[in-house]
Structures are given as structure tokens and as C-alpha cells.
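Listed in TrEMBL:
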- 21-74: domain 'P-type ATPase N-terminal' (DOMAIN)
- 70-88: transmembrane segment (TRANSMEM)
- 267-293: transmembrane segment (TRANSMEM)
- 313-338: transmembrane segment (TRANSMEM)
- 386, 387, 388, 488, 529, 552, 586, 666, 667, 668, 775, 781, 804, 805: ATP binding site (BINDING)
- 386: active site, 4-aspartylphosphate intermediate (ACT_SITE)
- 386, 388, 801, 805: Mg(2+) binding site (BINDING)
- 827-1081: domain 'P-type ATPase C-terminal' (DOMAIN)
- 862-885: transmembrane segment (TRANSMEM)
- 891-911: transmembrane segment (TRANSMEM)
- 940-960: transmembrane segment (TRANSMEM)
- 980-998: transmembrane segment (TRANSMEM)
- 1005-1033: transmembrane segment (TRANSMEM)
- 1053-1074: transmembrane segment (TRANSMEM)
- 1140-1173: region 'Disordered' (REGION)
């Protein structure tokens, strides 16, 4: 099947393995592999109408045949209007998807065809083609890396759109294909055959073989470039297309477009079916009544109402059944959906117009991209959030430090008072090589560095030397750093700004500029980092010939290796570290020692022997590292802030108070995810325990989950059959003593999501206050969301900012996209979008709660007024011989929903507020009733029906009794049918208007005009239609001539209206009074407090949340094995560094130097100046970090 030039092979047999041959399209086409075009849209020109109508007709009320007592126009037009408006909105959204697909499919890439490089569209690329990519280009398809411009055939890719990480990943080609280089003739002659795994969604795994010549080579994930990544710091590379378009791992993880319906819609479908059943039952009862009446009484009327031939009681009952279907059809709410769509559209505009959800920095307003899910925002129970770019800015800033027992970082005025965070930053103009984006607030540290304080200079010297960062200097003074982790880049940037500039390196040396003087240190050894050591050291020889070891790492590890003389300093530094950790900062301890030349020479020989040993190499090296890293002298500690989005901790705290559970699903590493969990107040030290699930087999994961469950519920016995509760369909909420957190990695999660373990995982996770899933793939994110949707009776929301979040955004009931640094893919797939995570608080607690509350009030009132209107007909049938006579005037029936009651209910649904936004923020518990669906459910519907039945009884029998023997003031009989109809409909309209007034929580001018205007409109229209003039012109259409003026001038008629209205609303007033006095709800209490308050509460200034903590987050062990081996391998330099003077020559600060992606000083691994969106043509300089890839990059 082909649409818009895209070929899809949906019905092809399932692929077991993939075989392809390079540069042989004819061979590869025989397998019918998918082309590289993608399609994310839902419809095309031919499928739009049937598919869209099918989706819309999932609403039962749009399917139920409407047999109306009114003209076809008043019944069909509302239905067509709803369908047309919804179809237009869906078409607009899908056109945008088509445009996005076309932009992607028509990107250009160089493809090797017939021995020449040709510029081809992405959609025309086929499996087996060889393509050439250049720096900063998006990767076209899933490619096998053949060769690159870098030594050792390495390339560097940014995987933000796949896993959310902006740290660069290293890939390496096979040596045999790397030898092809960029020789077009050799590449054109390459005919290697690849046999690999079929298309799948595993981002961290690839297996296959390459047959080239007479040799077969193993392929793994480290040799594959995935679509969705961006090539960085590599001039060019060539790749062989393995998977294209929908078969790429990115598209395999994207999930499906699903038609989303609110829980209110699903409830309405059930209720409409029930209503239709009640309608059929009422009509059947009245038909039976007609049959009995015809048998017992009907013959008495044949004298003046002769029957047709062959007519009998059974036929009369049959016709009466359908006649009452016509009369009572107003109980089936076709017009309900028209009003619902208008209400949802209006509440969507409130989100679009909300100035408090506008981000001035990026000029991005909030947007309701879907207008049919508003009330669902008021029922969210689970929020699934990405981390990078959603909770954090992925910017590290050097915030504070402790040097020789003194802390630096807070600024103070002359009186010793601490200044706030908006105080003026330190002036670094003394240092022409300082990073122009770096900011620090404490001038005393700069002065100490300038004055030559030994400990301060030693501190920054260590930061400038002990790292694996690479520097490139394109021109004098324009430095750009590339680091394996943003933490390390931030430390080197801080040292640079304080006058200790790391300028370049070779395998044997490190060149720095220290307070204007260039110094070259001989690099003797790197004692590299790993997750066990949790530290890194370098051994260098200074220009003066002194050998020194500089070490940085987790404080617990460093303190164990300190010289006894540092005990007192260690105690003081520990206090400082606790303060830093309390502020949510990521800490690291720094130490050094001078090494004796002879001792180092001996150690060096032992190190060489250990590094070349064939057995126990790692253990012997570890023992040597331990031997060298002893008796260290403490210099101090650093504190780096992983900058959160503005207001994230406060938002999470508010959402938690609203009983919303937050799960973080991130592709980041476990340690980093935990650090952010503590920083943003998701995990807290006050928690009883944070469980870490890291099992490597299903049984280990099962046991860890059960251990966690047993800890939380020590007195209970674990019974798997109890998980789904009594109903057997849902995991029920349970309460545990204390608060717990759960952290699970991607490998363990893969087992936990298997059929035999998924319920145990969900049961355990739902007992926890917070859950963090790290190292997860995009598809796993969607699977976690779907698991909660399937087994929890709760509404879910997913929020993210990158392409790796699209699948979970599509899977959740509500998808929210953040327009961040990772592109607009998440926004394009979302239902709502804005620029900052903190706006989620207002979206849910204000707009969501208001929308839900208004919709519930609307539904209750709508059913009440329509049921009351219809039930009066039912009672009247017993007094008119079941003849299907209407109790109201035909024009009143026509205008009741269309004119008389339309505007008041819209006013309630668009403008009513129980409390304003400030009170909603101050009382987040107001949100809880929506999660429990307390305001409109089956019980509330049943109560509404009972209320309507009571009101209809009063509205029929009180006027009936009042008119039975009533006389006019002139002595004439008042009890005729037309007068009774007028009185009954007047009582009905006044009663429903009073009932609506009681439902209003706040009166506005609009509401008052709508309510009063509807009553005025009714009397004006009634007197006009019952006038002589219209009767003369249209006698058959306006038969109630004179009824209004002859009836409305009678005092007993008005008395009846007043009495009927009081009798209808008195039980309501009594019930509400007793409820508020005896069983007040949260809303009642807050509304009472708000009315008593003279002014709305002033929003408290959102101060930084400080957490008292004994946990210190060491980012030294938050990344993978270090690059130390590669740095010293003598094979990584591609070009000589730019020549530069040895002095401190003043140069112009250039924005082209190292500039973080943040708004304030910091380090972002992608480099480049920050802007509100990515600039695709920014040239990022080359990363000089190479090592042989021995492990998966993901």
C-alpha cells in the first residue's frame, strides 16, 4: 500500500533475521524492506472521513437513532455541527503531522550511487545504501558505521532524542571498513554482506555479522549509528543503511497514535445506554397503559372519535409506544454533546490565554492542542515525567566550595548579612581567558586566588589538571571544552575562570595558564575512574620537577585515604559537605600529595608489569592504585548544582500534597537520576527507605520486589492472588505506614514488565511515594504508562520534551509536551504544551480542577433539567388516556433547550469558580475529589434522576391541583388544557433557573444576565407567540392565542408558580444546609474560609527548598568508565593545537568560546550559546577524547 510516495509492507511475513548486501539495490529489493520514509499522521485523503467518523461515533449518543418530536432541522443540525467541528480540528492536527513528515522525508543526504555521491531525499534512501554524513547532521537511518574522519575510526553522537542524554557517545567502526576512509572508488566497490537481528525496539542492543572477503566480523551496538541521533565533532563519516523508516529503532519506540477519550466520555456512554433503556421502559409502560385504557374505556369515545377499520387495542398500543418515543426522546441527550464541545473549547481558550503560564524567555505561551480532554486534567493520579530537559536544564554550575576549612559561594554585605541570589556577580575581567558565561557571587574567592593563597591556588590547580576533558582553541583565547560528563566540564570551566586555565593536552603533557603564566605539566599516569573506585587521580611532574598526585572523588572514599594530620580539617569539611548536600548540591572531595621520585619510579615499573600481565590484570592494577592513593592531604570540596527547571521542587511538593504520584522515567544513569530525585524533592531523607531494584535475572527482581513489599507491609502475607483485589481487574490502592521510594534500572525493569512479574512490580511501586525508573528505553516508558493504565483505576499524565518521550506521551491519558532544547517532537505529539515544568501545577490544580468541577456541575444540571422536563410528560400520560398528548406548547418544547436554558448553563460551565487560583494553590487537597471522581459518577447520576422525578411530580400535580377547580376573577373556568400547559411550563422554567442559581458558586455579571435574560426572554417570546397577530397570520402554528394574557393576569397563577418553585428547591436547600453543617467537604471548608477572608491569599515567595541531609551526592561516579586510557594512548590527537603566547595576553572575550546551554554560567556538554531553540548550523568543535570501545555506549 502506498500513500504520498511512502511504501509500507505491513502484511509481510515476520522477519527472523535481516540480510543485506552493500551497494546492491537489486538484491536488497528482493526482501521488500521498508524504505526510509516515515508516516506519523493518522489519516490520508481517502481514509480521513471513514476513520474520523468511526472515532467520533464511539460516542453512543451520536449513534442512537433520533426520533424527534421537533423538525428534522433541530435534531440533525447539532449532530452535524459537532461532527464537523471535531473533524475540522482533527484534520488541522493531522495536516500539521503531514507537514512534519514531509519536512523530515525531504531532508537531503549524500548517497553513494553508481560510484558517485548524489544528494537524495531521506525517503528515497534504501537498505544497503552507503550514505555520507557530516558534522551536526541528523543520522538518516540506522547505519553500520564504516569509516570516519577521526583517528581510530571513531565518531561522536548526541543521543538526546533517543535517551534524553546530551552527553556525547562514542562509536567505532571496524578496522577493516575504517581502512576504506573517504575513498569513493573503494567505498563503491565495497560489497560486504550483513546478517543481523530483525527490526526491534532495543536501543541498547545490536548483534550481527559482516562478511567481507573471506572473513566474518562481529557487529555490536558500538558500531551502529541510530536514527534520531546527531553527529557531533566529526567532520564526516560513511555508514551502511541497516534499517530504514518505520523499521528504525527510533520509530519502533514511537508508539501508536491513539484516539483519546476522557473517563467522563466513557461514563457517558454507559449512562446514555441506561437512559435509552429507561426511555424504552417508560414507553413500554405507557403503551401497556394505552392498551388497557383502550380495552376498558376506549369504546366510550367511539361516538365522537370514530376509529379506522381494522384498528384495535394492540395496534393502538404499538403506535402509542412509538409516539411516546417521539415525545420522550428529550431524555436521550443528543444536545448534550453540542454543549460539552462548546464548554471544552471555552476552557481550552482559558489555558491558551493564561498569562501566568507564559514563558517570556522563550516567548512560549501555553497551548491546549487538544480541546476534548480538559476535565481529565482535574482527575490526574499519576504523573510520568522525563528528567533531562523536563525536570532539569542539564546545566551544571559551580555553585559553592570548601577550601582549607572555609566555605565560598555566598555573598555578604558590609554588615555581614547574606545577599540573595540576585546579587551582583563577581567581575572576572582580570582574566581575559575566563569563560564569558561563568557566574559566581562570592568575591572573596577571587581575591584569595589573586592574592596567591596557597590552598586556593592548589585547589584550582587540581581542577585544571585532574580530568579527562579535551580543549580545542580555534584562535587565540577561544577555548571550547568537551567533557565526558557535564559535571567535569563545569569544574574545569570554574578553574578556568578563576585563573587556572586548562589550555591543551597531549598524551604526555597538560598545558595550563596559571594566573597569566603558562605552565606545562608532564602527565605521568592517570588512575582512572570506575564505579567501584569512585575517584580519579592523575600523577604529574611540574615544570620545577616535583611529582604530585591529584585526586578527586566521593568524599567517603577520599576521607578513608587521608593523612591523619587532616582529621580536624576533615571534620570541618564534612560539616560543609552536609550543608551543600542539604541544598541539593552534588559534592566532590579534593586531595593531593607529593610523591617521592624514587617511590614513583618503583611504582611505575610495577604498574607497567601489571598492565601487561595476562592474568589478574585488573586486580593487580587496583592494588597499585590503592597503594599510591594513600596519606593524601585534603584540599577541600566542590559543590555543583545540576540546575533544575525553575520551580520544580515546589511544583512536585504541591502535586504531592494533591495526592498525585510522580514517577520519573529517564534514560539517564541511576546515580544521576537519584541525585535529581533528591534535588527536586521527589526523594527525601525523611523517607523510611528508598528501595533499589537492580536484579539481573527475573528471580532476583522478583525477590527484591517482594523484600520491598515485606518491608512496607511487615504484618501482611504476600499472596499474588490478592494483587488484583476483590474485583479481579484492578490493583487497589493500599495505605502503608511511612513514606518509601523505589528506584529501578532498565535491565531490571525489562524483567519486571514481563507477564509473570508486572503485577508484583506495579503492586510494590504503587505502595511507594515516588518511583524512579532509570536507563529505560522510550518503549519501556510507554509500557510503564500502559501498565498503570491497565491495572489502576486512575488517570495518567506523561510529560516530556524530547523524541524519546513521544511514546509515553501517546500512551498516557493526557500527554504534555515541553518546548525545550530537544526539539518539538514531544510538543507535536502532545495534548497540551508549555515551556516550563512548573506550569504543570497551574494546569492541573487550577485549570484542570475548574474544568472538571464545571463539567460535573453542567452534567448534573443538564440531566436534572431534561429529566424533569421529560418526566412531566410521563405523569401527564396517566391523565390524558395515554394518547401521546404533550403537556407543553410545541414552541416551548422547541425552544426549551435551544433558547431558554442554553445560556444560563453555558454561563455556569464557563465562568463558575468555587475558589480562585490562589486558594487552589494554597489548598492542593481540593484536587483530591476529582481523582476519586466524587462530583459526577453513577451514584450522582442516580441521585440526579431521583431529584428530577420528585421535581416533576411537584411540577405536574401542584399546577394540576391548583387549576382543577380554579376560576378566573370574572367567574370563568381557568382549568383548560392551554392554561394548564402554560402554567406548568412557567413553573418548570422558573424552577430550573432557581436550581441553576443554587448551583452557582460565584456570581458574575455574565451569569446574572444569562439567568435573568432567559426568564425575560421566555415571557417576551410567550406573550408574542400567544398574541392575536401571529394567530391571524399562522393560525395552525400559533393556536394558544390569548392564553398568556388571560392566564398570567390571575394572582393564583403566580401564587402557584411561587409555591411550586419553593416545594421543588426546599429539599435541596435542606439537604445542602445539613450536609455543610454536619458533613462538610474540603470544598465547603475552603469556600467558607475564602468568603471570610477580606482578600485572596498572597502567593508565598517560592524559596529554594532546603533538605536536611546526610546523603552527599557524588557525581564522580555518575558516569561510565573514564577515558584515561585513551587520553594517554598516544593515538588521539588529530591536529596540533593553535599556537599561543605563553604570557597572559589580553584578548577579546568571544562568545564562540566555551558557552553553556544555560541562561546562567554553567557547563552543557553540547556547547554553543543558549537560545530558546536549537540552531542547526552551529559548528561544534571537535572532541579529542578517544579510547578503544570495549563496552556498549548506551
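The first residue you see is number 1, and the count goes up from there.
Including glycine, each Cβ sits where the backbone N, Cα and C put it.
All annotation found in TrEMBL is predicted automatically rather than curated by experts.
Model confidence over the domain 'P-type ATPase C-terminal' (827-1081) stands at 87, taken as the mean pLDDT rounded to a whole number.
Looking at residue 529 (ATP binding site) and residue 801 (Mg(2+) binding site), their Cα atoms lie 32 Å from each other.
Distance noted between the C-alpha atoms of residue 775 (ATP binding site) and residue 801 (Mg(2+) binding site) is 17 Å.
Residues 386, 387, 388, 488, 529, 552, 586, 666, 667, 668, 775, 781, 804, 805 are listed as the ATP binders, and the farthest two of them sit 35 Å apart at their Cα atoms.
Neighbour counts of Cβ atoms within 10 Å were compared for the binding-site residues 388, 804, and the top value is held by 804.
Residue 801 (Mg(2+) binding site) has 386 as its nearest neighbour among the binding-site residues 386, 586, 667, going by CA to CA distance.
In this structure, of the binding-site residues 386, 529, 667, 775, 801, the smallest number of CB atoms within 10 A of the CB marks 775. For residue 586 (ATP binding site), other Cβ atoms within 10 Å of its Cβ number 27. There are 35 other Cβ atoms within 10 Å of the Cβ belonging to residue 805 (Mg(2+) binding site).
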